[in-house]
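K.L.:
From Swiss-Prot, here are the annotated features:
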{"type": "SIGNAL", "residues": "1-21", "note": "signal peptide"}
{"type": "TOPO_DOM", "residues": "22-510", "note": "topological domain 'Extracellular'"}
{"type": "CARBOHYD", "residues": "Asn185", "note": "N-linked glycosylation site"}
{"type": "CARBOHYD", "residues": "Asn409", "note": "N-linked glycosylation site"}
{"type": "TRANSMEM", "residues": "511-531", "note": "transmembrane segment"}
{"type": "TOPO_DOM", "residues": "532-1125", "note": "topological domain 'Cytoplasmic'"}
{"type": "DOMAIN", "residues": "571-839", "note": "domain 'Protein kinase'"}
{"type": "DOMAIN", "residues": "914-1044", "note": "domain 'Guanylate cyclase'"}
Amino acid sequence: MAHARHLFLFMVAFTITMVIARLDFNPTIINEDRGRTKIHVGLLAEWTTADGDQGTLGFPALGALPLAISLANQDSNILNGFDVQFEWVDTHCDINIGMHAVSDWWKRGFVGVIGPGCGCTYEGRLASALNIPMIDYVCDENPVSDKSIYPTFLRTIPPSIQVVEAIILTLQRYELDQVSVVVENITKYRNIFNTMKDKFDERDYEILHEEYYAGFDPWDYEMDDPFSEIIQRTKETTRIYVFFGDASDLRQFAMTALDEGILDSGDYVILGAVVDLEVRDSQDYHSLDYILDTSEYLNQINPDYARLFKNREYTRSDNDRALEALKSVIIVTGAPVLKTRNWDRFSTFVIDNALDAPFNGELELRAEIDFASVYMFDATMQLLEALDRTHAAGGDIYDGEEVVSTLLNSTYRSKTDTFYQFDENGDGVKPYVLLHLIPIPKGDGGATKDSLGMYPIGTFNRENGQWGFEEALDEDANVLKPVWHNRDEPPLDMPPCGFHGELCTNWALYLGASIPTFLIIFGGLIGFFIYRKRAYEAALDSLVWKVDWSEVQTKATDTNSQGFSMKNMVMSAISVISNAEKQQIFATIGTYRGTVCALHAVHKNHIDLTRAVRTELKIMRDMRHDNICPFIGACIDRPHISILMHYCAKGSLQDILENDDIKLDSMFLSSLIADLVKGIVYLHSSEIKSHGHLKSSNCVVDNRWVLQITDYGLNEFKKGQKQDVDLGDHAKLARQLWTSPEHLRQEGSMPTAGSPQGDIYSFAIILTELYSRQEPFHENEMDLADIIGRVKSGEVPPYRPILNAVNAAAPDCVLSAIRACWPEDPADRPNIMAVRTMLAPLQKGLKPNILDNMIAIMERYTNNLEELVDERTQELQKEKTKTEQLLHRMLPPSIASQLIKGIAVLPETFEMVSIFFSDIVGFTALSAASTPIQVVNLLNDLYTLFDAIISNYDVYKVETIGDAYMLVSGLPLRNGDRHAGQIASTAHHLLESVKGFIVPHKPEVFLKLRIGIHSGSCVAGVVGLTMPRYCLFGDTVNTASRMESNGLALRIHVSPWCKQVLDKLGGYELEDRGLVPMNGKGEIHTFWLLGQDPSYKITKVKPPPQKLTQEAIEIAANRVIPDDV
């Protein structure tokens, strides 16, 4: 009773609020323009079909557009100074008519189109091509959501696939992971279902059955019920049904389920998605009239419908059965519209406008408006408000993309008094509700008898791009829970023992004949196992492995907002070489709670802590062995998902083998091999079973020169991680040199954990590295791809590394072990215990502790350590100097200095700079008549000359692309108003110098340089890390480019803004060119720069030497400036 009373009070309060908020809704249709500028909007609608029948658009909906335009024309806050008018075209659902209308309206300067109303892909594509905004009100097609193809298309109607988000949130809320899906076999519902399947794959939901049915017609009494067979096929292995179909079909499916007897127990639930429900009255919404199938209700809509029942026995018991079935149904549908006085007035105005010109509709009965009217009204108002915002911001109301951009990711108040949205794709977004049958006792909320009603028990809303579910509350602020049929809790998606009892054991069969002693023993064992199980589960849930990223301190220099600083890049070589401990190159080093650790990044967006993952992490924590690198923990904080292993300061075995300064004698090698074998023995006997990626880089050496195996286990944790984008093709192939042929042939299906036999093969490859001190297959002299291909092919005899170097250095027992470990058939390889026996001669006479032997090695290193340090320090200083010089050439000196110091360079706005653009007129023709090497030599000579000239001015060369040359002055160091003079003098100097330039291979050709300069504001900053560039952004760059492209050969084209600064400086001679039309800028009054004050002397620059023949010099001496410049 409390629930129903709360809902009733909510409806009353909402109605009063809406009426007060909209009390002033009293539009008058206005046709006169009142002296304002006229703009036009086009309306496309399927009023009638080609045969003259009623179209898909409900009759009264047309009246919504003139109503919206009239309200906007009366509102001084919308397009003030404009008079909005419209034209409309009945498309008859003919694409050609719609596209012709759009083209015609575009030619006539219409500011937007509402429609097309029947299909939308072709008209939307055309509108996007013509850059005219189009907002549709009934289109439910998926392709139009692609903004790269339909940049000017929006729709106020939400696409039906949005209901999938509400369905998934419902399943999440009630912990339902397995469902069967029943789908009406039409395009709309198939699209929704396909979308749901994609979402299910992302969230590990399971679809037990997919069932399709042909449309069910409740009026066709001879038509067989299609649902009975579906339920018979699925009921034994299903508890939750998701239904996609019309509301009448949902009713019939629920009644069939009731007849089949599956709803009596309350173990089954039907989740229906009603996407076509157009509710106009909250009373209808709750009274089930849109679900219940009564002739009385149909008669209220249209008396003709009632005559359909004259030959059928139809009683109230059918509706009683439907109500009983609906107790096991929950429905996801759109939020309702409350029928209020404001809604009735809106309906009246829409209908009146539809009856009036230019539609001149005919109406036998007083029609009811539907959601198409709301969507059309909203579409029109949103178009006009977008035009108003664009105009107010100084934009171009005829630029469709600019207009549409003001609506993307915006929220507006719909005519339904509900807040709707446009998402980033331009699709309408509306709230959804979750309905359930709730009893309404007599006297509650004005009810005259006990009844049932469909009330929302939750709402679905989209905020910040994410859908969320909010449960309804009663008047005591308690969650309004569903009244599950014949049960207190939501039904399970699978019986506790599984659909066939496979998850439970019938202990009675085993214990029935047991004697008391056995019961006592068994009870004790059960208690023991329960204790162990609880202890194990407690260990799984303890999260002792979890690392808080805030407690991790990396040795990397403080990073900028992009994750890496330029200083890190420049000094990376320094940090590796100067580290006396020879840090592991391929891992980030850090400290966690005082322990130095190696951080291995896992390239995943998030980690799902499934049982398998937690089990892995517990196993890793329990791994303890001298030759297994200890696991410290794992961080799952985004974006720092990583695995922390103990840091071994001597680096990897691969690092040691590549370091020629470390001399490895037989005793040293024997100790390393013994450590590696002991580590593999422990790994193969543990729960991890195998490594899977064993290679020399995954064998690390600590300060005591003990070899430890790392990068093992955690296969579920790392499953699905993305490829390292920084890893090149060569590195990817090189990683496979240790992989056994059977795993190479498995390609993408290779188990992440590998196999023990695969580890034995990898061990053999490591042995060849140890005794050759070279990378695997180094003597084979083939490309990596060819080597891997031959290993994978399984040729006879198997393709393996050439052992010339190994034969000369390794003892016989090692050679025998290598050959025994790499046969093609994994079954022919020995296990690790047999390998240890084969290599036992290596340990003869050696102690397990290598420290005594290492003391002698370190003494030998001490003799040349000082000399080695001095030599490496000098090499380091040289490389550092080269790096800094290169960076100063790539970037402005002040910017390069900041980056070298590790200071992040933030983008900066410069209020006034001057930009220079130039190109060579006729360069394309000259290039076509030249060889590529001639073009390169020409540009090299020309730009060498230019670079020598600009070094005398306060300018910075931004870039050269082909024959284009770009300069800027006034940044990154501001120079007052001098920037315009610096650019102008540079331009004058370059123009004079090019007149004496000779094209080596075509000396008769006169290079015609065309220059444009402009002054204004821009933003500059460093872009990129691998090859950083100092780039300029802003309209000033575009305008400078337009000045160059609209100039003339051997002339300097100056913008009016640049002229103002030059006039302020004085000393520059300019000539008025007049108005020049420019693409995207309109007409601009521009000028020619003719010269400068003689006191501004041009610095003499010695032209760089050109390789010219005497004949070329003589030809060039007789050339003249062409008449056309």
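Cβ atoms are placed via backbone N, Cα and C, with glycine included.
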K.L.:
Please report the number of other Cβ atoms within 10 Å of the Cβ of Asn409 (N-linked glycosylation site).
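P.N.:
For Asn409 (N-linked glycosylation site), the count of other Cβ atoms within 10 Å is 13.
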K.L.:
Just to be sure I understand, if DSSP states are collapsed into helix, strand and coil, how many residues of the domain 'Guanylate cyclase' (914-1044) fall in each?
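P.N.:
Taking the domain 'Guanylate cyclase' (914-1044) as a whole: 52 helix, 41 strand, 38 coil.
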K.L.:
For the C-alpha pair, I'd like the distance in angstrom between Asn409 (N-linked glycosylation site) and Asn185 (N-linked glycosylation site), rounded off.
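P.N.:
With the alpha carbons as reference points, the distance is 33 Å.
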K.L.:
Please report the number of other Cβ atoms within 10 Å of the Cβ of Asn185 (N-linked glycosylation site).
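P.N.:
For Asn185 (N-linked glycosylation site), the 10 Å Cβ neighbour count is 13.
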